[in-house]
Amino acid sequence: MLPKQEVVAMLLAGGQGSRLGVLTKNLAKPAVPYGGKYRIIDFPLSNCVNSGIETVGVLTQYQPLELNEYIGSGQPWDLDSMYGGVHVLPPYQRGKKSDWYKGTANAIYQNINFIDRYQPDYVVVLSGDHIYKMDYSRMVAYHKEKEADCTIAVIDVPLSEASRFGILNTREDNSIYEFDEKPKVPKSTKASMGIYVFTWSKLRKYLIEDEADPKSSNDFGKNVLPNMLNAGERMFAYEFQGYWKDVGTIESLWESNMDLLDPNGSLDLSEESWKIYSRNPVMPPQYVAKDAVVQNSLVAEGCNVYGEIDFAVLFAGAYIAPGAVVKDSIIMPGSRVEEGAVVQYAIISENTVIGKGAHVGARPEDIDNKEEWGVAVVGADCTIAPGAVVPPKAMIEEGTTYEEGTK
């Protein structure tokens, strides 16, 4: 038996991220690059370490290879402990058949034996696809103080967006009396963040009961949480006030990257007391040429900037040629923007070349019909031909040689 851990974290990282289109065609959503040098999963992993949680199970499923390689032994997050650390937990293989996780609750159910090895009092269940900084130890302390069976982190959202979330209603003491998963007509603006603290003995019981129910979707929001509430278990909301972004769409991923460029923004990646750790490539320092123009941008190591960038996030090894212009855009690792090319309001995925004089995306004010505007996305390993025009809202499949608009 391994040494007892008071808290074990289980990180759900198997999401397909279909709303991110070409960015997740061959990549799990938590492995999507973010903020010049990170992957989305760096945020919950770093939160665990900073919160003093030493044992983390990462539940993978869709396109897990790159995510598994990225996490590795867990060393960048100081999660390579012999008695805890990070463990990648794919769905179990039974004979020749892989039993895919059927839902979020089933994913935890399949790993009951893993959790039991550490004899935890509490289990923290996390999503692997949100950008935020949070001290889970404070939430666990709140859970203990309330003598709760389940505590759900909540954030206030606009009523117009509430139907995208699990919505809670609470009493004055923050005890939950109603939970509705993605309601068509929301009764409240208290949205579940997909972050839960459970008393393990209680959660274990409900997972086993849920698995035995043939009608269940094996999902926390649809099944386990309503079942606990209906049974009268002690359930409380934990109100979170900081920055939190669900980056499950192209627009929200782009917005969250741009938020990093706001000097008055609430997400500070340079904060010494709460670092976000990542696995970084070994590359030389970035180079900014004397004629380059760089304003309000993040430029990672290994970048070469000869042109103009403004409100840009450049990942490692990006190249911006003389005369090229990149504004309000994200350039992922190893991509090149050649001479005279203009990239605006766009996401350029890894190892892609934007040819000389090409145009990708456009400013909203330059489009008459606002419904035709959106962030343009170019997939990995693409070549945009010299002089080609990629319109706003376009999504170019990875590996494409794109020539439309050339003369």
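FYI, residue positions are counted from 1 along the chain as it appears here.
Cβ atoms are placed via backbone N, Cα and C, with glycine included.
Quantities reported herein were computed from a predicted structural model and do not represent experimental measurements.
Copied over from TrEMBL:
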type	residues	note
BINDING	Tyr101, Gly166, Glu181, Lys182, Ser192	alpha-D-glucose 1-phosphate binding site
DOMAIN	9-261	domain 'Nucleotidyl transferase'
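Model confidence over the domain 'Nucleotidyl transferase' (9-261) is summarised by a mean pLDDT of 90.
Taking a C-beta cut-off of under 8 Å and a sequence gap of six or more, Tyr101 (alpha-D-glucose 1-phosphate binding site) has these contacts in its own chain: Gly14, Leu59, Gln61, Pro91, Ala107, Gln110. Neighbour list (Ser192 (alpha-D-glucose 1-phosphate binding site), Cβ cut-off 8 Å, at least 6 residues apart, same chain): Ile152, Ala153, Val154, Phe165, Gly166, Ile167, Leu168, Phe179, Gly221. A sphere of 10 angstroms centred on the C-beta of Glu181 (alpha-D-glucose 1-phosphate binding site) encloses 16 other C-beta atoms.
Around Lys182 (alpha-D-glucose 1-phosphate binding site), the same-chain residues six or more apart in sequence whose CB sits under 8 Å from its CB are Ser163, Arg164, Phe165, Gly166, Ile167, Gly221, listed in sequence order. Other Cβ atoms within 10 Å of the Cβ of Gly166 (alpha-D-glucose 1-phosphate binding site) number 22 in total over all chains.
With Tyr101, Gly166, Glu181, Lys182, Ser192 listed as the residues that bind alpha-D-glucose 1-phosphate, the site has a largest C-alpha separation of 22 Å. DSSP assigns Tyr101 (alpha-D-glucose 1-phosphate binding site) to coil in the three-state reduction, outside any helix or strand.
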